[in-house]
């Protein structure tokens, strides 16, 4: 056996371990051969460059979008009028339905003495048997049409409302 002292393992040259920039510190493979100080500098430069490119792209896209919008505005003048009319009609429809429902459920504005109210609460009002007015019929029809859009839930609401209104004169 020979007494030679041979080193086993991987031989790495010292220059391969040093920072790529040649600053004298050791580099790190995770940082692409740079030391921590040089890595921060390189990373910061790359990040600033990316931010600048993104900013320029955003500005270019914004300009293109503004130009496209301006050209579409001039060609869509007539279309926007019809759409705004549609929106206005839809808003009016919603408002009308809401006010109809509110009218249906709002307390009637009665002016009278407490005696009359107590007497009315004890016995059913003679107005139950009176003919319904045109306004009441119209509001009832609108309410039913509104509830039809909700199918089964609307049917249940209609039943509960009808029971409530029929029981109302008998309640105190």
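Backbone N, Cα and C atoms are what each Cβ position is placed from, and that goes for glycine too.
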Give the range, chosen from 27-53, 108-134, that TrEMBL lists as region 'Disordered'.
108-134
DSSP residue counts for the domain 'A20-type' (13-47), split into helix, strand and coil:
19 helix, 4 strand, 12 coil
Across the compositional bias 'Basic and acidic residues' (85-95), what are the DSSP residue counts per state (helix, strand, coil)?
11 helix, 0 strand, 0 coil
